[in-house]
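What Swiss-Prot says about this one:
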- Lys16: SUMO2 cross-link (CROSSLNK)
- 31-53: zinc finger (ZN_FING)
- 59-81: zinc finger (ZN_FING)
- 85-107: zinc finger (ZN_FING)
- Lys116: SUMO2 cross-link (CROSSLNK)
- Lys124: SUMO2 cross-link (CROSSLNK)
- Lys149: SUMO2 cross-link (CROSSLNK)
- 164-186: zinc finger (ZN_FING)
- 192-214: zinc finger (ZN_FING)
- 220-242: zinc finger (ZN_FING)
- Lys266: SUMO2 cross-link (CROSSLNK)
- 298-322: zinc finger (ZN_FING)
- 485-507: zinc finger (ZN_FING)
- 513-535: zinc finger (ZN_FING)
- 640-662: zinc finger (ZN_FING)
- 668-690: zinc finger (ZN_FING)
- Lys698: SUMO2 cross-link (CROSSLNK)
Amino acid sequence: MPLRNVMAENNFKMLKIQQCVANKLPRNRPYICNICFKHFETPSKLARHYLIHTGQKPFECDVCHKNFRQLVHLERHQLTHNLPFSCNICQRHFKNLKTFVKHQQLHNESYHNDVKVRRLLETKQEKPVYGMCNTFTADERWALHPCSKSDATYSTTKRRKNIHACTICGKMFPSQSKLDRHSLIHTGQRPFKCVLCSKSFRQSTHLKIHQLTHSEERPFQCCFCQKGFKIQSKLLKHKQIHTRNKTLQNLPLKVKSPESCPLPNKLNAKQDAFESGDMGESEENNPLDVHSIYIVPFQCSECEECFESEQILNGHKCLPARGGRVPSRLKRSCNYKTIVKKLLAKLKRAGGKKSDDLQSEKKRTFKSNYLKNCERSSGKPNIEQTQRTFVGSLSRHGSYKTVSKKKKKTLALPFSWQKQFQSQNTGKSLQGILTTGSILSMDGSVNNKDLSIYGSSGEEYLNCDMLQCGFSDSSENIHTGHKMCPCDKCDKVFPSISKLQRHYLIHTGQRPFDCNVCGKSFRQSAHLKRHKLTHIEKIPYSSFWRVDFGNVNQLFIHPSDDVSYNASQQCEGLGSQSCESSESSQVSEIEVKVEPEDFLLGSHCRSRQSYLANALVESEQSHHCYSYLGRPERSDGLLYQCSVCCKHFRSPSKLERHYLIHAGQKPFECSVCGKTFRQAPHWKRHQLTHFKERPQEKVVLDSTV
């Protein structure tokens, strides 16, 4: 069939499909793929779809030897090798006549000038009509739209008439294909498998992303720092670092005195380190350098709280009814510690000298329970009570070291808390500088000799004798910045309801996740998955054995009698295997039987059975046979139990070697001195002693023993 007829037939089929879509005629798709559950109209399309899962590309190009999954793709590719239209000026080839004619017109100068003039006239005519506005506002869109704003009957679900719901979890999906893809989560199927590492994935896109890990190619490159990435999403996330650096340079800088500085000394000390590169300068000698410049990212004019972005600042509202408190939904954004940490990271990325003293100069800001107690109390708060509640949070933090013993360390409290201290008429104007020369130990104890809080006037606000009591348990969660969910039974606090519900399982004793292998139950699914790995590691030792002696007393009567073995193996399906032994003296006959477990594969059982039969027949270490029974209850890796002393071993070879102790046999004999040994390594190590005594003689090691 000529190529033009094939293309015409394919175009006719596509036109027919487009007409069906335009008329919204239902299409019958009775053929379903059993791997990804897609529907198809004909069995030929289903067979063509199976090539995706198998990875076959049967159609090969004769010119460049490229493979394609469909014949149409091959025919379209062959057109690239046959370009009938060639340009005489630039020697370019084209496969389409229309594109070739357009290309020829580009070489014509008159045509090129006519196009420029025409485009210039079109732009001049459009300017007075539309002006500079290229888009409509929201009100203009409603004016142009036939529906009114108050039309309550209009619903977005009219555009999606066919909404498919999952019968298991009740989720809604706009198409059947997405519902089928979602059903793979409940069935646990992962049809797309990696050829290199045998990992399986639920979607083909996930497999393609995973396959990039096996290759060293990084096609997506950053235009700023020339760093390469394998995924485009990681490149876009990386570019945000460069954009943040540009926006950081545009932040306003203000100069304030130490009395009105709202940011802690941590940020100012870090910024001075970037500018000067010297952390050794004393803060007491020049305090203005510490508070000279600070960055105001997005600050509220009323309560002087700092926020990460302008959007969070616009959502922040300081109302008198709230008493200056931040709403609960914005608590995370107002976490002072995280804001300072992010600003320091931005300063470090923006440029500056890196110093080891920066890491040693890490300081932490501590929140107090003072505001909470002040809100509950109606009158003037007790000074002694506020002193106890404020300092108690210091004992709940970890180790805190100073840079040197000579210098004191200062910690600044947030300005909003300082303002609250001043508004309570306590008689002191607290600047909020915590000076300490001591070290807080890991157990939370505080050395109170050099620990005190000073106000802006330099007078001592809280002395050493006041720092002895602690907060209540509820105050420990004020500075976390998360939504707290307390447990009503044990008074534990959790950041989310899901973690609280998981904690309730401890009080109820429920363990909803059961192991289908050993029957153990777990409280979390992660613990169950981690436990299942222990069963996967035991698959090489797929059969569980136990050895029983017929008569233990007869083991020690004739230790030197010869034993002849007759092994017979039955390999029908998962059948049993027997190994009979006959001895010259009166020893009870013993049989070896294997009973495979249900959860293990038959191939592993058969390979283990054949291996054990050959090991028993070929080795003459043991003169007695044993019977093996399944013992799946052990989960510590010791699967093979001795019936005499009840010891457990990890492999049958170690168990056989152990039985030589009960039998009193030492099959390895030294040909020089006549000593016998239970193991071959012991015998070889003994042979070296004779070699050292007689270095000139050659000791021949019999490898057949």
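Glycine too: its Cβ is placed from the backbone N, Cα and C atoms.
Predicted, not measured: the structure shown is a model, and the values here were computed from it.
Counting Cβ pairs under 8 Å to the zinc finger (485-507), the top-ranked stretch among 31-53, 85-107, 220-242, 513-535, 668-690 is 513-535. Model confidence over the zinc finger (192-214) stands at 88, taken as the mean pLDDT rounded to a whole number. Against the zinc finger (192-214), stretch 220-242 shows more Cβ pairs under 8 Å than any other of 59-81, 220-242, 513-535, 668-690.
Remark: secondary structure over the zinc finger (85-107) totals 11 helix, 4 strand, 8 coil, with classes taken from DSSP. Look at Lys16 (SUMO2 cross-link): DSSP puts it in a helix. Within the chain carrying the zinc finger (85-107), a Cβ under 8 angstroms from the stretch's Cβ atoms is held by residues 79, all 6 or more beyond its ends.
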